[in-house]
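For reference, the structure discussed in these notes is given below.
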């Protein structure tokens, strides 16, 4: 039963992330997501008058706050209140599964298919900079790195969830 809950929760997190991306780039197109581009691309967009450094900073703060909610708070709420986890290890491994499942969506559907394989994210006037981020090979190693990098993140989230669970 827990596995089914985790799969459903991952799907809910996928919907959350898709809505986040839609809100980020819906009206402004790829320039709306300029915060995820390398600095050289951001600088070119500023030079071309498509955005300003101030707008990039504002969007970064708002986006990172929303991502923190989606990447940390939503999974912890699911782990504690839907799945009923209370122990550190129980919280940590469930967070690992949820976070990695969410990152798979980001890697495959957003980074690989939408960003690296489509032309939608190409900002006219920046075509000479595509090798800095638009190469599918650049995106290919992300999930392998995340297998290891997610362990300390899951341990920290597990610790937070465990501490909250103790207080409940």
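Cβ coordinates are placed from backbone N, Cα and C, and glycine is handled just like the others.
Feature annotation (TrEMBL): of 93-114, 115-136, the stretch labelled transmembrane segment is 93-114. Taking every listed stretch (61-81, 93-114, 146-167) in turn, the largest tally of C-beta pairs under 8 A with the transmembrane segment (6-25) is reached by 93-114.
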